[in-house]
Amino acid sequence: MVNFTVDQIRAIMDKKANIRNMSVIAHVDHGKSTLTDSLVCKAGIIASARAGETRFTDTRKDEQERCITIKSTAISLFYELSENDLNFIKQSKDGAGFLINLIDSPGHVDFSSEVTAALRVTDGALVVVDCVSGVCVQTETVLRQAIAERIKPVLMMNKMDRALLELQLEPEELYQTFQRIVENVNVIISTYGEGESGPMGNIMIDPVLGTVGFGSGLHGWAFTLKQFAEMYVAKFAAKGEGQLGPAERAKKVEDMMKKLWGDRYFDPANGKFSKSATSPEGKKLPRTFCQLILDPIFKVFDAIMNFKKEETAKLIEKLDIKLDSEDKDKEGKPLLKAVMRRWLPAGDALLQMITIHLPSPVTAQKYRCELLYEGPPDDEAAMGIKSCDPKGPLMMYISKMVPTSDKGRFYAFGRVFSGLVSTGLKVRIMGPNYTPGKKEDLYLKPIQRTILMMGRYVEPIEDVPCGNIVGLVGVDQFLVKTGTITTFEHAHNMRVMKFSVSPVVRVAVEAKNPADLPKLVEGLKRLAKSDPMVQCIIEESGEHIIAGAGELHLEICLKDLEEDHACIPIKKSDPVVSYRETVSEESNVLCLSKSPNKHNRLYMKARPFPDGLAEDIDKGEVSARQELKQRARYLAEKYEWDVAEARKIWCFGPDGTGPNILTDITKGVQYLNEIKDSVVAGFQWATKEGALCEENMRGVRFDVHDVTLHADAIHRGGGQIIPTARRCLYASVLTAQPRLMEPIYLVEIQCPEQVVGGIYGVLNRKRGHVFEESQVAGTPMFVVKAYLPVNESFGFTADLRSNTGGQAFPQCVFDHWQILPGDPFDNSSRPSQVVAETRKRKGLKEIPALDNFLDKL
């Protein structure tokens with residue numbers, strides 16, 4: 001089993017230049033877990049015979065059954081580079097042994113919050129792409145997240161065995177396929193990255209540099225251009241140059257790699273490389289990549305799969321492959337696996353690519369610090385993170401909770417960015433709502449134990465220095481999902497993670513047996529801990545609601561709740577979609593509300609946001625924490641706001657960060673600042689529970705036009721102003737043509753050409769519309785992209801499969817909010833049905849009349 005001890009790992013942990021923290025990310029079913037296996041078996045944790053079948057990192061029973069990864073799992077590997085390979089590393093290094101902390105993450109879009117949590121604690125990412133289906137929606141989503149977190153990508157083209165055996169591609173076609181995938185990935189990187197002048201420099205991937213791997217995870221073989229360049233350099237050197245020193249050799253190999261990709265051709269007649277596709281004699285020359293790399297692979301496949309015994313024996317001898325005695329008698333696919341695995345072992349190729357091209361914590365924390373840390377860029381904590389200093393103050397980010405074997409307890413899983421964490425150390429545990437100088441969300445407690453995560457096992461360890469990934473015992477009572485752990489008194493929080501999906505699907509749950517209610521509540525608390533994304537809400541009516549990213553996500557959550565967290569039988573409602581409320585025009589009257597004691601008056605109007613502003617707020621381009629003038633300039637330039645008004649934004653809401661704005665455009669009002677807090681509180685309340693059906697508001701700008709206040713402070717307290725502000729906000733919404741917004745999924749469907757018609761049928765029935773259709777070049781597959789309301793998406797997958805004979809594979813991602821056409825006050829319209837259903841579910845009466853909110857002078 002594990003062939004190195006905890007002490008050995010601990011010794012390397014101090015060599016922070018030799019640590020690599022990386023995650024494996026990709027579209028669903030592109031083979032992350034299978035590839036991870038070949039890495040794990042190389043580092044001596046699975047017996048190599050079973051690699052490719054165990055999916056070691058799929059630790060849960062349901063992951064093994066469904067063949068999907070649900071939770072991201074961490075594992076530490078140890079790899080030693082040979083002296084020759086060390087010369088390829090361009091950053092600082094310390095000895096030949098490397099510690100690789102690898103996190104296998106799920107590819108299914110419903111679990112992309114798990115990916116976000118994994119990305120936060122790593123510095124590099126291995127992006128896996130299936131070379132048959134190419135770059136998909138989820139590849140793009142995850143890669144975009146990685147680049148936003150300043151994580152350096154390397155690419156792996158997986159499933160080459162399929163390209164050769166199923167699609168039967170020619171070498172040139174295969175080269176074009178690879179070329180296209182590399183281009184697609186680079187387009188995504190350059191779109192979302194910061195360019196070459198940014199702090200990370202150039203992070204584009206390029207086969208010539210060795211940042212692209214090719215291979216097959218299932219068969220356990222892989223290579224980068226470096227492997228072949230080394231073979232050829234050795235071959236040419238054998239012809240008479242004598243021995244090369246390691247550094248010269250590295251230089252030669254790098255030159256060779258440049259010749260093996262792109263428009264470079266090889267003339268087999270005289271063994272020379274040329275840049276033109278025709279030889280001096282006018283013969284058409286083969287591309288070097290096809291001739292020197294793909295051709296030998298094709299020959300091996302051809303000889304073995306067509307049972308050509310003599311040819312196979314010749315090739316094995318020529319390639320110098322040593323087979324075990326039991327492998328010699330195999331034929332067909334088993335022999336192919338054995339030969340390829342011996343000739344181009346996947347573990348070596350990938351681990352070399354990871355150690356050579358991904359950054360160590362020392363390199364990465366320099367440019368990631370400003371994204372990770374909220375405090376000033378020059379305090380002790382920030383300096384400790386930037387220099388990755390084990391003697392600095394402890395700064396550690398907990399990105400998620402991992403359930404232990406013992407019910408209801410969790411390991412806190414995270415990464416040490418600065419300092420040293422050890423068993424028994426007294427630390428400050430800061431939740432996401434902590435603000436420096438306040439007591440809220442802060443605990444001072446000792447750490448009970450520090451442990452090392454090993455896939456399905458944990459190993460106790462004394463202490464862990466910065467740059468490493470670690471689990472803590474005994475912190476789980478004080479944190480819900482994420483948080484910062486530090487020993488520095490004036491430390492600010494590490495920045496909260498931004499999820500690329502939002503929980504839009506909800507289910508109400510109740511215990512079948514009412515006596516089990518306390519267990520259900522306890523179970524919901526544990527569920528909220530164990531999943532970074534899920535929200536557990538208790539409605540005013542006493543309902544327990546679970547909100548998740550989609551059907552599959554909710555299904556897994558409910559199963560966990562029933563079996564692991566609450567351990568009781570549960571009844572669940574049908575899934576319900578959350579809506580948002582908005583307005584479509586400016587209020588047609590200036591709305592006035594008087595306070596209950598009739599001494600104060602507020603005048604307001606509401607109007608809709610310009611297109612794109614709500615999305616900017618969601619992304620954090622415009623936020624409450626920004627510098628005032630900078631924000632005003634942005635709004636004025638991009639959305640043509642009046643600069644004076646843009647400077648007087650009071651707040652965002654709901655929760656102080658949401659996509660609604662309260663601006664003050666009053667002129668010369670007395671005592672205005674004294675009631676500001678009360679109006680803001682009313683605004684937060686109103687935007688959280690809108691006028692139509694108490695859903696959140698979105699994309700509404702409220703303007704305070706005028707305020708008349710009583711001169712005596714006692715008559716304008718919070719009790720007078722807050723409800724008045726809320727009534728006034730409601731009135732201004734109801735007079736501004738209110739509308740409902742529904743969430744929309746972006747659906748990507750992969751299917752053969754002949755079933756495209758069936759897809760259109762299903763989408764039209766479900767109010768979806770197709771906006772792009774393209775053929776995947778070099779394959780008979782079509783990709784259809786469509787928008788589909790989340791409300792209609794339940795059972796969509798099953799419906800689609802039955803209409804296309806199971807040949808279409810849909811993938812849904814939450815994309816945007818869209819206005820539901822129709823007036824909520826017109827009884828025959830769709831929005832009015834939704835409003836009625838929602839109000840009935842929440843136990844509310846019908847929409848109150850405008851007169852309840854609007855007062856006469």
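Glycine too: its Cβ is placed from the backbone N, Cα and C atoms.
Marked as domain 'tr-type G' by Swiss-Prot: 17-362.
For the recorded site, Ala26 (GTP binding site), the DSSP three-state label reads strand. Per Swiss-Prot, GTP binding site is recorded for 26-33, 158-161, 216-218, and the stated evidence type is a large-scale study or a structure entry.
Sequence annotations record features per position, and here Swiss-Prot assigns phosphothreonine to Thr54 (among others).
The phosphothreonine annotation in Swiss-Prot covers Thr59 (among others).
Marked as N6-acetyllysine by Swiss-Prot on the basis of similarity to another entry: Lys235 (among others). Cβ-based neighbour count (10 Å, all protein chains) for Lys235 (N6-acetyllysine) stands at 9. According to its DSSP assignment, Lys235 (N6-acetyllysine) is helical.
Per Swiss-Prot, the feature N6-acetyllysine maps to Lys239 (among others).
Summarising the annotation, Swiss-Prot assigns SUMO1 cross-link to Lys239 and lists similarity to another entry as the type of evidence.
Counting every protein chain shown, the number of other Cβ atoms lying within 10 Å of the Cβ of Lys272 (N6-acetyllysine) is 11. Annotated N6-acetyllysine per Swiss-Prot: Lys272 (among others), in sequence order, evidence recorded as similarity to another entry.
Around Lys275 (N6-acetyllysine), the same-chain residues six or more apart in sequence whose CB sits under 8 Å from its CB are Asp263, Arg264, Tyr265, listed in sequence order. Feature annotation from Swiss-Prot assigns N6-acetyllysine to Lys275 (among others); the stated evidence is similarity to another entry.
As annotated by Swiss-Prot, SUMO cross-link applies to Lys322 (among others). The Cβ of Lys322 (SUMO cross-link) has Arg342 as same-chain neighbours under 8 Å, each 6 or more residues away in sequence.
Marked as phosphoserine by Swiss-Prot on the basis of similarity to another entry: Ser325 (among others). Less than 8 angstroms from the CB of Ser325 (phosphoserine) sits no same-chain residue that is six or more residues away.
According to Swiss-Prot, the feature phosphotyrosine maps to Tyr373 (among others). Reduced to three states, the DSSP call for Tyr373 (phosphotyrosine) is strand. Counting every protein chain shown, the number of other Cβ atoms lying within 10 Å of the Cβ of Tyr373 (phosphotyrosine) is 26.
The DSSP secondary structure for Lys439 (N6-acetyllysine) is coil. Just so you know, the Cβ of Lys439 (N6-acetyllysine) picks up 8 other Cβ atoms within 10 Å once every protein chain is counted. If you look up Swiss-Prot, you'll see Lys439 (among others) marked as N6-acetyllysine, on the strength of similarity to another entry.
For Lys529 (among others), the entry in Swiss-Prot reads SUMO cross-link. Taking Cβ-Cβ distances under 8 Å and a sequence separation of 6 or more, the neighbours of Lys529 (SUMO cross-link) in its chain are Met401, Phe410, Asp476, Leu479, Val480, Lys481.
Residues or ranges marked as N6-succinyllysine in Swiss-Prot (evidence: similarity to another entry): Lys572 (among others). DSSP assigns Lys572 (N6-succinyllysine) to a strand in the three-state reduction. Around Lys572 (N6-succinyllysine), the same-chain residues six or more apart in sequence whose CB sits under 8 Å from its CB are Val507, Ala508, Val509, Leu558, listed in sequence order.
The Cβ of Lys619 (N6-acetyllysine) has 11 neighbouring Cβ atoms from other residues within 10 Å, across all protein chains displayed. Residues or ranges marked as N6-acetyllysine in Swiss-Prot: Lys619 (among others).
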Segment-level pLDDT (mean, integer) for the domain 'tr-type G' (17-362): 75
Cβ neighbour count within 10 Å of Ser216 (GTP binding site): 28
